[in-house]
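These notes concern the structure reproduced below.
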């Protein structure tokens with residue numbers, strides 16, 4: 001049986017869902033390591049591939065803060081059969097998008113850094129940029145919804 | 001990803017560049033650019049490439065009691081460190097003294113964090129370097145040693161994870177600890193049930209300590225530098241005095257008088273020096289400054305390894321973390337076994353609000369974490385400052401990387417070897433980029 005090709009990507013966030021994922025591995029690593037191929041997962045392995053590879057499922061956490069992030073997300077979308085938005089920042093933009101709601105005096109304080117590093121004017125949720133197939137909300141992601149999805153995926157194969 | 005665009009003839013002359021856009025197996029995003037001409041480093045930039053989320057601005061105007069749950073979102077890895085440091089700062093501003101029982105549960109919550117966070121770093125990020133593998137995913141399940149380490153990794157992490165869940169309701173962004181106490185108290189039976197799992201992982205950690213004590217990974221920084229950490233008499237990471245390897249002792253409230261921000265123009269985060277000197281914080285600093293306060297059982301088990309401290313070999317940060325896991329196991333077992341009953345306490349509420357600044361400093365897994373929160377008379381935040389460990393280590397980390405690259409160039413190491421050694425070294429520091437990229441320097445008038 002071919003392994004299911006997985007990607008795990010992180011944009012602007014605190015990576016809490018990555019941490020929850022590594023904690024879920026505690027009980028599921030035997031099954032998941034046998035059935036899943038981690039094509040891209042910087043938290044688990046060094047990635048020497050020059051381009052984003054084809055994936056059955058791309059899990060994406062975090063919000064989009066820059067044009068480079070937006071471009072990468074679009075590449076991920078092209079290469080992923082299913083794209084799953086993981087956790088609150090990916091699904092709703094919050095709390096990483098809190099600068100979108102700053103008052104004028106706060107915006108003035110951060111203006112210089114936004115310009116210097118070419119931040120986007122507004123922080124975006126994933127569905128502002130690409131089509132999202134499945135969402136797993138929560139801050140961090142809801143473990144049970146994630147496990148239900150994994151079980152469904154593993155059964156389908 | 002490596003830069004494939006270099007000219008072979010330039011490489012033969014010893015002139016090329018190394019670009020690491022995404023350093024792997026660390027917490028968050030960091031990048032490294034090195035320019036090499038005729039086998040000499042002409043430029044080296046280690047930068048934190050996480051995009052800022054501006055938490056120090058976002059907390060302005062919000063109720064102080066709501067801040068801990070928000071700033072916990074600065075970092076998924078050490079969220080409970082941000083939670084407890086900010087609670088400490090708010091309590092300090094509101095003159096709330098937590099009860100003995102509250103402190104006991106905070107300590108247990110924290111030992112859970114140390115076990116699972118250090119275990120993630122040591123087993124998932126650093127261990128593949130010891131076995132010369134790319135990833136723990138590449139460990140050979142038919143090799144009994146590699147198979148056992150893989151099983152150990154997840155058993156140890158799970159014990160820390162469960163301890164955090166039982167005490168705090170969840171291991172990431174724990175929902176029950178708050179200003180003044182716990183909104184929901186842990187269950188005594190659930191706590192007692194954790195002891196067998198903690199006892200079971202003890203020998204696994206002793207094995208891990210022996211492994212990291214035997215590695216030949218070595219680099220000493222060729223410049224004077226100072227270790228600093230909060231020293232507590234029960235090695236609880238949560239209170240005490242700040243001490244330095246030069247014998248200076250300072251109070252929490254004076255911490256930022258000694259820290260000097262170093263602006264790194266190409267990094268999204270800022271670095272720091274301590275009284276103008278290079279600074280290193282984290283497990284290696286704690287073991288250097290307070291190993292005498294480790295749990296007696298830990299000290300007995302690891303006494304030969306404690307003789308390795310103080311050390312300037314920064315790779316021993318891995319060893320120091322492994323020893324801290326053992327301490328947190330031994331300390332947790334003792335705290336749980338001595339616990340007879342749980343009093344039905346509710347969180348202490350503030351009586352009045354006044355304009356006051358609160359300081360909260362604790363030892364996060366990666367080093368001293370400092371919160372300074374200025375409260376208004378309405379109980380909202382006027383201003384806040386947060387200093388994270390990775391910022392404090394950023395300057396010495398970049399200097400050490402440069403030294404390592406220069407040494408390797410003298411030995412005519414290949415580009416691949418340089419990349420491998422540099423990444424291995426950065427991982428030993430265990431930097432946390434999420435933490436480092438939350439803020440923007442706030443001017444204090």
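Keep in mind that glycine also has a Cβ here, set from the backbone N, Cα and C atoms.
Look at TrEMBL and you will find B:75, B:78, B:432 tagged as Ni(2+) binding site. In this view, residue B:75 (Ni(2+) binding site) is surrounded by 31 other Cβ atoms within 10 Å of its Cβ, with every protein chain counted.
In this structure, residue B:78 (Ni(2+) binding site) belongs to neither helix nor strand by DSSP; it is coil. Residues annotated as Fe cation binding site in TrEMBL: B:78, B:435.
What TrEMBL lists as Mg(2+) binding site is B:386, B:438. Residue B:386 (Mg(2+) binding site) carries a strand DSSP state (E or B).
Taking the Cα atom of each, residue B:75 (Ni(2+) binding site) and residue B:386 (Mg(2+) binding site) are about 13 angstrom apart. Each of the binding-site residues B:78, B:386, B:432 was scored by the other Cβ atoms within 10 Å of its Cβ; the lowest score goes to B:386. Residue pair residue B:386 (Mg(2+) binding site) / residue B:78 (Ni(2+) binding site) shows a Cα separation of 14 Å. Among the binding-site residues B:78, B:386, B:432, none has a Cβ under 8 Å from a Cβ of chain A.
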